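What follows is one structure encoded as structure tokens, with my remarks underneath.
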Amino acid sequence: MTQTIFVLNGPNLNMLGKREPGIYGGKTLKDIEADCKVAGRELGFDIDFRQSNHEGTLVDWFHEADEKAVGVAFNAGAYTHTSVALHDAIRAISIPVVELHISNVHAREEFRHKSMIAPACKGVICGFGPHSYILALHALKNITA
């Protein structure tokens with residue numbers, strides 16, 4: 001039976017390809033989903049790829065992932081810097097979570113330098129463009145093997 005990885009995406013990531021391509025590149029979230037599914041197959045994972053602009057939905061998906069998946073790759077978007085609820089949802093589950101970002105958040109505005117969720121995650125990957133997602137999948141393969 002193939003193991004499942006949830007790839008969860010937070011607010012405004014549905015706008016990739018349109019929103020600030022100089023920062024986030026030209027790939028859409030659908031493009032990234034397709035890349036993740038290919039990489040997932042190569043790594044032996046089924047990829048459950050989701051996006052929501054709503055914090056509570058993301059919390060619910062973490063609870064669901066704990067029952068159905070072996071790990072989560074998570075791009076929280078702006079919730080990275082504000083959400084105690086997502087921090088607590090990650091702490092509440094038993095599977096590893098890798099925080100990821102397309103841009104290097106540490107090379108951007110000061111308010112983006114602090115992650116509320118990083119202390120609850122197994123690790124953080126940022127700054128490698130859409131390839132950050134693939135790196136997160138490789139990290140999860142390594143820590144769930």
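Yeah, the Cβs are placed from backbone N, Cα and C, and that goes for glycine too.
Taken verbatim from Swiss-Prot:
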type	residues	note
ACT_SITE	Tyr24	active site, proton acceptor
ACT_SITE	His101	active site, proton donor
BINDING	Asn75, His81, Asp88, Ile102, Ser103, Arg112	substrate binding site
SITE	Arg19	site 'Transition state stabilizer'
Next item on the list: Do me a favour and check the Cα-Cα span between Asp88 (substrate binding site) and Arg19 (site 'Transition state stabilizer'); whole Å is fine.
Entry: 29
Note to self: So if I draw a 10 Å sphere around the Cβ of Ser103 (substrate binding site), how many other Cβ atoms end up inside it?
What the structure shows: 18
Next item on the list: Give me the Cα-Cα distance between His81 (substrate binding site) and His101 (active site, proton donor), rounded to a whole Å.
Entry: 12
Check: Around Arg19 (site 'Transition state stabilizer'), how many other C-beta atoms are within 10 angstroms of its C-beta?
Finding: 11
Item checked: Other CB atoms, at most 10 A from the CB of His81 (substrate binding site) -> 16
Next item on the list: Only counting partners 6 or more residues apart, tell me which same-chain residues put their Cβ under 8 Å from the Cβ of Asn75 (substrate binding site).
Entry: Leu8, Asn9, Gly10, Leu13, Glu99, Leu100, His101, Ile102, Ser132, Tyr133
Notebook entry, point to check: What is the total of other Cβ atoms whose distance to the Cβ of Asp88 (substrate binding site) is within 10 Å?
Noted result: 14
Next item on the list: Between the Cα atoms of Ser103 (substrate binding site) and Arg19 (site 'Transition state stabilizer'), find the distance and write it as a whole number of Å.
Entry: 13
Item checked: Ile102 (substrate binding site) in three-state DSSP notation -> coil
